[in-house]
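> Quick one: the structure is below, questions incoming.
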Amino acid sequence: MTDFERPRVLIVFGGRSSEHEVSCATAAGILRAIDRDKWDVVPLGITKDGQWVPASDDPALLEFKDGKGQSVEAGATRVALTPGGGSLVELSYDGDPADPGARVVGARDLGRVDIVLPLLHGPYGEDGTIQGLLEMAEVRYVGCGVASSAVSMDKHLTKVVLAGAGIDVGRWELITPLQWEADQGACLERAAALGFPVFVKPCRAGSSVGISKVESREGLAVAVKEAQNHDPRVIVEAGVVGREVECGVLGGRSDWRSATAPLGEIEVPDGEFYDYEHKYVDDVVGLVCPAEVAPAYEERVRETALRAFDALECEGLARVDFFLDEDSGTVLVNEVNTMPGFTPISMFPQMWAAAGVDYPSLIDALLEEAAARTVGLR
């Protein structure tokens, strides 16, 4: 732990990505469950246009309601995190802070921060950006470091690293903006050569935002353009027959050996896939935990999850998503999430609950791991 009796935890949520509302819902879950006798909680919201603002710690204001997510709204002040140990400062302006001509007319010291819990999903948060800021500010934080976060956020780079480590990731094609601009036909030919169905995805988005299942060549161009609405880099993955299972991993500290939780499984209706609506709005998808998997295959999945965690140099936590087909013997890593959701219906806390680690204890474990880290290169 730090030198403080009750470490101060800055909970950061919202953000600029398309997963803004999901991040708010994750924060609601954490704010409800965190042990406030043990941790001094300070909430901080990031608006959709990137403004850092003071935020309420009332979970009810951040949860999904009637299928609609909540968002962080800007007020009259802004918050900054200063370098050299991480002090918070609230800034007041002589007008609307969103006005480029507005000047800072006052600064109120909000005190130092001991640990940051960055609950930011997707770009501008889970991708190494806020991790780099926190490294420069010399503040400890929960989760993976800069390089690990950046690589794991990029589905193409994740596959490159894991394939290099001898881990099966299936077949895929990357479509960059330059490639698409130069020759759309060639891009579509490469994608079609994977066979159908294929899944077309933004390379650096999560929560199944912008994903399309494509059954024929005719639908490819539309799917690529839809994915490009969320990320100029697009990945096309060959369809895989198999169950969708997930494995939660905790680890990172030298005296805390990386560990895996019992597997979870996503059960979707026939012919559908696990998209944003299924994850956060509908109730037609089943999350089964622990999943009924033959012991030999469960051991193989959990061992592969640890290998992926190590190959990507993850710290703190990750959820490794797999396709599993026991008939063919396929154990294939789909993606690695370095900041998995903590909403009430999220799989990650459910998997650890199945291992006997309840939600508050899981939060404690992550914060304690972060508190034990050194600041700087490690």
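Using N, Cα and C of the backbone, Cβ positions are placed for all residues, glycine too.
What TrEMBL records for GLU19, SER207, SER346 is active site. What TrEMBL lists as ATP binding site is LYS155, 199-201, 207-208, 237-244, 334-335. Residues or ranges marked as Mg(2+) 1 binding site by TrEMBL: ASP321, GLU335. The Mg(2+) 2 binding site feature in TrEMBL is assigned to GLU335, ASN337. The feature domain 'ATP-grasp' is assigned by TrEMBL to 159-368.
I'd like these features described in context: how deep, what's nearby, how far apart.
Counted within 10 Å of its Cβ, the other Cβ atoms near GLU19 (active site) come to 30, all protein chains included. DSSP classifies GLU19 (active site) as coil under the three-state reduction.
Other C-beta atoms found within 10 angstroms of the C-beta of SER346 (active site) number 20, with every protein chain shown included. SER346 (active site) carries neither a helix nor a strand DSSP state and counts as coil.
According to DSSP, VAL200 (ATP binding site) sits within a strand segment.
On its own chain, GLU335 (Mg(2+) 1 binding site) has LYS155, THR158, ASP321 as residues at least 6 apart in sequence with a Cβ closer than 8 Å to its own Cβ.
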> Please identify, among the recorded positions GLU19, ASN337, SER346, the one with the smallest Cα-Cα distance to GLY239 (ATP binding site).
ASN337
> Under a criterion of Cβ-Cβ distance under 8 Å and sequence separation of at least 6, what residues of the same chain contact ASN337 (Mg(2+) 2 binding site)?
GLU126, SER152, GLY206, ALA318, ARG319, VAL320, ASP321
> Can you tell me which of the recorded positions GLU19, VAL200, ASN334 is spatially closest to SER346 (active site)? Compare CA atoms only.
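The smallest Cα gap between SER346 (active site) and any of the recorded positions is with GLU19.
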> Relative to the Cβ of VAL241 (ATP binding site), which residues of the same chain, six or more apart in sequence, are found under 8 Å away?
PHE323, ASP325, SER328, THR330
> To the nearest Å, how far is the Cα of ARG243 (ATP binding site) from the Cα of GLU19 (active site)?
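Cα of ARG243 (ATP binding site) to Cα of GLU19 (active site) measures 25 Å after rounding.
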> Rounded to an integer, what is the Cα-Cα distance in Å between GLU19 (active site) and VAL200 (ATP binding site)?
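Approximately 18 Å lies between the Cα of GLU19 (active site) and that of VAL200 (ATP binding site).
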